[in-house]
């Protein structure tokens, strides 16, 4: 289950209803998928063949199509990151820069962990959203944020897009301190 840490205040928000309410107040969609649907051989596996990626997409076909229908997503894929990922450090450097997108950034975590650092409203400032398997998040179009891995340095996620070109980040020049 996702955990939120507000950087300015140190406040920690836990529990699905509390997390959903806080994220909703910040314009961020949060849902939770039943991760027990995932076949055992794909749980906690971070190096995936194309066939295994397709199996994950097929497992969550109904959830993906429902989310796509509600929010206008047209294409989806799987991203898998771990220490076995070629050029992982370069990818993380790219992901860890504060940026925006011209569409929502949607991730449904199917294994592992990740953190979105999201700019909230003026009063809230930046907050971390620690995600684990089953958590689904959609950072709104134009909202400054970045993503990184947690200490275990491994995640598998379904990504949904409106634009077929996929993940396209636009740098965001931050005027406030991200870490406080």
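From the backbone N, Cα and C atoms, a Cβ is placed for every residue, glycine too.
Copied over from Swiss-Prot:
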{"type": "BINDING", "residues": "99, 101, 105, 145", "note": "Fe(2+) binding site"}
{"type": "BINDING", "residues": "99, 101, 105, 145", "note": "Ni(2+) binding site"}
{"type": "SITE", "residues": "104", "note": "site 'May play a role in transmitting local conformational changes'"}
{"type": "SITE", "residues": "107", "note": "site 'Important to generate the dianion'"}
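Cα-Cα distance from residue 99 (Fe(2+) binding site) to residue 107 (site 'Important to generate the dianion'): 16 Å (rounded to the nearest whole number).
Taking the C-alpha positions, the distance from residue 107 (site 'Important to generate the dianion') to residue 145 (Fe(2+) binding site) comes to 13 Å. Between the C-alpha atoms of residue 104 (site 'May play a role in transmitting local conformational changes') and residue 145 (Fe(2+) binding site), the distance comes to 11 Å. When the recorded positions 99, 107, 145 are scored by other C-beta atoms within 10 Å, 145 scores highest. According to its DSSP assignment, residue 104 (site 'May play a role in transmitting local conformational changes') is coil.
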